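J.: Below is a structure I'd like to ask you about.
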Amino acid sequence: MVWYELTKLLRTRALFVMLTVFLGFNAYFIISHSYLQEEVQAANDMVDWYGPTFTDESLEQMETDLMEEVQSISPGEEALADFFEDGRDRSIYDAEQDRRLNITYTYLLFAKHGVEAFKGYDPEVLKGQVSENYQLGSMGSSIEQVNINRATERYHEIMATEEHKAWYFLEGSSINTLLFKDLFTFVCMQLIILSVYTVALIVGYERDAKTELTILATKQGRPLLYKKLLAAFIGVSALIFTILGMTLLVYFTVFNYANVWQAPLTNVFTLRMDGPAIHWFSMSFLEYLLYVIVLVFLSSYVIAGATFAATIWIPQTYVAAVAVLVLFLNLIALPFIGVFPGEVMFLSMFNPMYVLFNLGAITEVSSSPMGLREFVFITLGIWLTISMLVVWRSSRFYMIKDVKA
């Protein structure tokens, strides 16, 4: 019977149209940014030439070797900056050597700058931000102090293990934001729409077709709702697999991350205005990608649960779907509406939309609520619990409510 419920999706032309449009748009977006392949290849090349990690000593040796090569090309050069910043005769060496020299010099500068930025980092910069921005008083100060203590511990761990000294994409590179910020924003919007549509379609199918009373008179009766619930979540899972699977397949076909999979997210090449971008957890790029995918699944299930409940409580299926979409899309803007007290503003950030649309920085240490180490676990833990409760309560309600023709 669950399979029969799923066939309703397969017979829905609108769903396939949306799926085709979304996948086509994602592919177009990725291919239109293929000019960034050089930035990815530069990071891969640095790993090929110098290994996945570096030390202060290896940077000094790299600078020495680079200087020797520059002097062999242009005798008399006394500083690397003079060679790379002044006009130089490229006819005396080939284009591949010119590319390698430029990449190496650029990475050398960024690496040295990043190492110094990490050495000068002070977790105390987090102090005062929460209590002042959200007017939380002593509670805000307590939250800040716990955050600072944990950030200090994490910082000392990074410096001790030299986790941050690994080749990655350059600071300010567009490839840094293309996947987790730009592409995943589109994907999450698409999954919100598809999740709501899928659940509403399955749960409200008989009601919209005016056959609900007929179904209730059969042996299946009202318990059919539980099969609909299972089918709805299977359908949502299948759509997530399809959208994410096809989109990421195209992305990693266009952009070859061969040598970057194991690079740590906390590294000297991801700096922010106020210092290094330190992540709470020691994750490689691949581990972080898998973590983000899990967050997308869990957040989508929260939305699916809310849609299931709304479709039962609201007589018109399309009204229920629109209501859920409006609710969750408004949650995106809620933390930025300055008409609420500071406590409300602070708590409003603990919502699944804030997780979905900040996937690129969801584990970073910062002074915002999102920068708290347990932010994701608290947010999704609360909302998944709420989702399960409303699903349970709605199912109970459906078992006793009057159904009219």
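Residue numbers in this text run from 1 along the chain shown.
Each Cβ is built from the backbone N, Cα and C atoms, and glycine gets one as well.
According to TrEMBL:
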type: TRANSMEM; residues: 12-31; note: transmembrane segment
type: TRANSMEM; residues: 183-205; note: transmembrane segment
type: TRANSMEM; residues: 229-252; note: transmembrane segment
type: TRANSMEM; residues: 288-310; note: transmembrane segment
type: TRANSMEM; residues: 317-338; note: transmembrane segment
type: TRANSMEM; residues: 375-392; note: transmembrane segment
J.: Do any residues, 6 or more residues outside the transmembrane segment (229-252), come within under 8 Å Cβ-to-Cβ of it, and if so which ones?
T.: 2, 5-6, 9, 19, 22-23, 26-27, 30-31, 179, 183, 187, 190-191, 194-195, 198-199, 202-203, 293, 296-297, 300-301, 304, 308, 391, 395
J.: With the transmembrane segment (317-338) as the reference, which stretch in 183-205, 288-310, 375-392 has the largest tally of C-beta pairs below 8 Å?
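T.: Maximum Cβ contact count belongs to 183-205.
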J.: Would you mind listing the long-range same-chain contacts of the transmembrane segment (288-310), meaning Cβ under 8 Å and 6+ residues beyond its ends?
T.: 180, 184, 187-188, 191-192, 195-196, 198-200, 203, 229, 232-233, 236-237, 240, 244, 265, 279, 320-321, 323-324, 327-328, 352-353, 355-356, 359, 362-363, 376, 380, 383-384, 386-388, 390-391, 393-394
